[in-house]
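Engineer: Sharing the feature lines straight out of TrEMBL:
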{"type": "TRANSMEM", "residues": "B:12-30", "note": "transmembrane segment"}
{"type": "TRANSMEM", "residues": "B:69-89", "note": "transmembrane segment"}
{"type": "TRANSMEM", "residues": "B:101-118", "note": "transmembrane segment"}
{"type": "TRANSMEM", "residues": "B:138-159", "note": "transmembrane segment"}
{"type": "TRANSMEM", "residues": "B:171-199", "note": "transmembrane segment"}
{"type": "TRANSMEM", "residues": "B:205-224", "note": "transmembrane segment"}
Amino acid sequence: MADRPVPVAEKRLMEVKLGELGTWLGRRDYSPNGIVSMFRRAHTRYYNKYIGVKKGGIGGIAMLLAGYVVISYVWSYDHLKHDRWRKHH
Amino acid sequence: MTVTLFDQFLSPTLFKMPLIAIALVSPWLLHHVVTTRFSSERLLSVKKVSVSALTKHIFQPLGPLGHKWALMFVSLFMFLITLNVLGLLPYTFTPTTQLSLTFSLALPLWLATVLIGFRLDPTRALAHMLPQGTPPLLIPVLIIIETISVMIRPLALAVRLMANLTAGHLLIHLISTGVFLLTSMMPMTAILALALLGLLTLLEIAVAVIQAYVFVLLLSLYLLENV
């Protein structure tokens, strides 16, 4: 079955062929509005999959918080590395 | 480089980029607004119920003029409570421990309530400086005292929030350092200190919630006087 040809920039990442990856990356919308909408789409997809379900448990938010803790550790590593082998804290 | 206990409160930077901006956006991660559904799922229902209860509680004494502030106060409350509670996770940065943030929230809002009072009814706004039924001899002193108390409100609001959170975080750091160092030398004392740490963490969660509430409540009271 032949699908209608879709412009490269509008395809989803999983449907882009390897050779087209450079074109795809180049044509995405990197303006401030575009970047905000990237985050918004990602957040909406995550929310609808894990948190916004009828009997959502603690897992959806717990994953977000765990990710936040990991990111905070990475940010403050420069300050934390002095603590590891200090003799007097 | 000297490492002090207060270094946890330094505004974190990555390649000279202030990360407080990203820490301030973190409440947005957790509060998703879905407007397309009639009845929402568990988490959103709980949030709706608690937010509407809070709104009714705070805005019941205020008149119709005060109800214009509903969105401002409720969003301020959600912002502060999320920032405070997120700061209790390990390694996270709490923006409300920075006086710059709390003061920049407190001063414009307090000033707005005062200016609204002077705009709507200047006589009544000035009459707040003197409580009813004071003996005539005390009037000059009391006017000075009341004026100072009004002028100091923004500073009090800001410093209350900042100091409570800073003190709590500092205590947690101190006691956890103590527990860590005691486990090798005196295990029983370490277990007692660990119990203390558990209780302190519960207290900190309560303080985080209460401080956000107090901030917004006091602002609504200042508005009530003036609206």
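Positions of Cβ are set from backbone N, Cα and C atoms, glycine also.
Can you tell me where each of these features sits in this structure?
Structural biologist: Within its own chain, the transmembrane segment (B:69-89) has Cβ neighbours under 8 Å at 23-24, 26-27, 30-31, 51, 54-55, 58-59, 62, 95-97, 105, 109, 161, 165, 169, 201, 204-205, 207-209, 211-213, 215-216, 219-220, 223, counting only residues six or more beyond its boundaries.
A Cβ distance under 8 Å defines the sequence-distant neighbours of the transmembrane segment (B:101-118), meaning residues of its chain 6+ beyond its ends; these are 20, 24, 72, 76, 95, 124-125, 128, 150, 153-155, 157-159, 161-162, 215, 219, 222-223, 225-227.
When Cβ-Cβ distances below 8 Å are used as the criterion, the transmembrane segment (B:138-159) is approached by residues 99, 102-103, 105-107, 110-111, 114, 128-131, 215, 218-219, 222 of the same chain, each at least six residues removed from its ends.
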